[in-house]
Every structure is written in structure tokens, then in C-alpha cells.
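What follows is a set of notes on a single structure, which appears directly below.
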Amino acid sequence: MAWALLLLSLLTQGTGSWAQSALTQPRSVSGSPGQSVTISCTGTSSDVGGYNYVSWYQQHPGKAPKLMIYDVSKRPSGVPDRFSGSKSGNTASLTISGLQAEDEADYYCCSYAGSYTFH
């Protein structure tokens, strides 16, 4: 039985004003247990394409966001290697291999955009 991995856009505030642009993610991605899914995060050459500072967060309802990937493809200690990150041009991707029930969550991407601003 398939379930949806719900995705929301991550809007961040930078240098005292709302960031001019936001990264684009699909509204939802679905998969069945054991399958692999890839979540895309499209930006511009000013953020995703210009820096290798893309991070991914997982958030379950009522819980704080958890860092899953940083610097495009690095995993913090304790994050299963089922989670992997990559980047091509202005698009970053999070791939979850061997989906498990606990992977159902919101996933957010974030990218450095220069001048201490994040999208």
C-alpha cells in the first residue's frame, strides 16, 4: 500500500526581509514500502546551482525538524544510509531507498544563497 511523503516549501527569512525567491519542491511524492523515491528541489544559479550548501530536513507531525543531509550529500551521524543527496545544475535531490513506514513525513530542502541568506 502506497503512502505519500508530504512536502512543503521552506520559506526562510534573511537579512531582515523575506527572501526574494523560494526553492521549488513537488507537493507530494508517493511510494510503497521497499521502493525508492526521489524528491527534487529546484532553485537557481544564485542558490542551489551556485553553492554546495544544500541541506534536507525531515519533520514528523508535532516534532522538530531533523537534519538528514547537509552540504548536498553528507549524512549526519545516525542518519541511515538509505538517505542520500545529490545535485545537478540548479536542482538538488533527496533519494530514499528501501522506503519504510517511518519515512512518511514532511521533507524540506534549504540552500545557501550568499550574503548570509538561505532559501
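Quick reminder: no glycine exception, Cβ is built from N, Cα and C everywhere.
The average pLDDT for the domain 'Ig-like' (20-119) in the predicted structure is 96. Swiss-Prot lists 20-119 with the feature domain 'Ig-like'.
According to Swiss-Prot, the pyrrolidone carboxylic acid annotation covers Gln20.
Marked as region 'Framework-1' by Swiss-Prot on the basis of similarity to another entry: 20-44.
Packing against the region 'Complementarity-determining-1' (45-53) from elsewhere in the chain are residues 21, 23, 70-72, 87, 89-92, 111-114, 119: each is 6 or more residues past its ends and has a CB under 8 Å from a CB in it. According to Swiss-Prot, the region 'Complementarity-determining-1' annotation covers 45-53, on the basis of similarity to another entry.
For the region 'Framework-2' (54-70), same-chain residues at least 6 beyond its ends with a Cβ under 8 Å from one of its own Cβ atoms are 10, 41, 48, 76, 79, 83-85, 87, 92, 94, 103, 105-112. Positions annotated as region 'Framework-2' by Swiss-Prot, on the basis of similarity to another entry: 54-70.
The region 'Complementarity-determining-3' annotation in Swiss-Prot covers 110-119.
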